[in-house]
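Undergrad: Okay, here's the structure, questions in a sec.
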């Protein structure tokens with residue numbers, strides 16, 4: 001089997017996992033994203049997962065499978081934020097897959113956001129993708145962003161209680177947040193529930209997927225608000241990470 005035929009078969013399997021298939025334009029944007037990440041990676045260290053199925057499975061599939069609910073209604077207009085976007089993923093993959101969405105990518109590291117801004121420009125997404133260089137704790141307290149998003153996502157940023165404090169304040173009353181996790185167990189669920197009780201949130205669903213080629217099991221935890229998040233969250237810069245809300249004394253420190 002030629003490499004081209006092998007890749008085509010693997011690509012088909014990826015879309016089968018998602019029960020969704022990109023349009024020719026979207027597929028071209030994914031290919032262009034891979035090219036741009038490769039180019040920028042020669043200048044700064046964005047990600048090692050660029051070539052072959054490191055990109056298509058560990059980046060594109062892993063970015064999109066947790067939002068299969070949204071892929072079913074890809075023409076719906078929604079407002080999305082990707083917290084701790086790093087090299088621009090999962091946010092850019094989601095923005096490409098949901099062509100009527102408006103997406104905000106946020107990271108505190110300037111060299112990464114500078115590269116991501118250029119990638120957004122080259123992809124032709126400037127009209128609906130915004131890149132911010134800022135600490136999440138500060139953005140989450142700004143009126144412009146607080147309680148304004150339909151979907152908040154984060155991948156490989158922090159433990160679940162910390163992620164919840166980052167994500168919940170961004171949500172509209174009807175919004176949901178999706179935490180992309182590798183490890184997930186009963187203890188982490190218990191810790192998350194403690195944090196959500198303070199944030200006025202709840203767990204909606206938990207799903208898992210074993211990535212092809214033995215690339216590991218991934219988990220997607222969807223959470224939402226039961227009422228507006230209390231104004232004191234997220235706390236000051238660095239505090240959510242140092243004193244996560246599953247710690248009973250965290251609010252007093």
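Backbone N, Cα and C define each Cβ position, glycine as well.
Feature table excerpt (Swiss-Prot):
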BINDING   84, 89, 136, 137, 155  S-adenosyl-L-methionine binding site
Undergrad: Would you work out the biggest C-alpha to C-alpha distance among 84, 89, 136, 137, 155, the residues that bind S-adenosyl-L-methionine according to the record, and give it in angstrom as a whole number?
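TA: Between the most distant Cα atoms of the S-adenosyl-L-methionine site, 20 Å.
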Undergrad: Inside 10 Å of the Cβ of residue 137 (S-adenosyl-L-methionine binding site), count up the other Cβ atoms and send me the figure.
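TA: Taking all protein chains shown, residue 137 (S-adenosyl-L-methionine binding site) has 20 Cβ neighbours within 10 Å.
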Undergrad: Name, in the order they occur in the sequence, the residues of the same chain whose CB lies under 8 A from the CB of residue 136 (S-adenosyl-L-methionine binding site) and which sit 6 or more residues away.
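TA: Residue 136 (S-adenosyl-L-methionine binding site) has long-range Cβ partners 83, 84, 106, 108, 166, 234.
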Undergrad: Provide the number of Cβ atoms within 10 Å of the Cβ of residue 84 (S-adenosyl-L-methionine binding site), excluding the reference atom itself.
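TA: I count 20 other Cβ atoms within 10 Å of it.
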Undergrad: So which one is it: of the binding-site residues 89, 155, which has the fewest other Cβ atoms within 10 Å?
TA: 155
Undergrad: Which three-state DSSP class does residue 136 (S-adenosyl-L-methionine binding site) fall into?
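TA: Looking at the DSSP assignment, residue 136 (S-adenosyl-L-methionine binding site) belongs to a helix.
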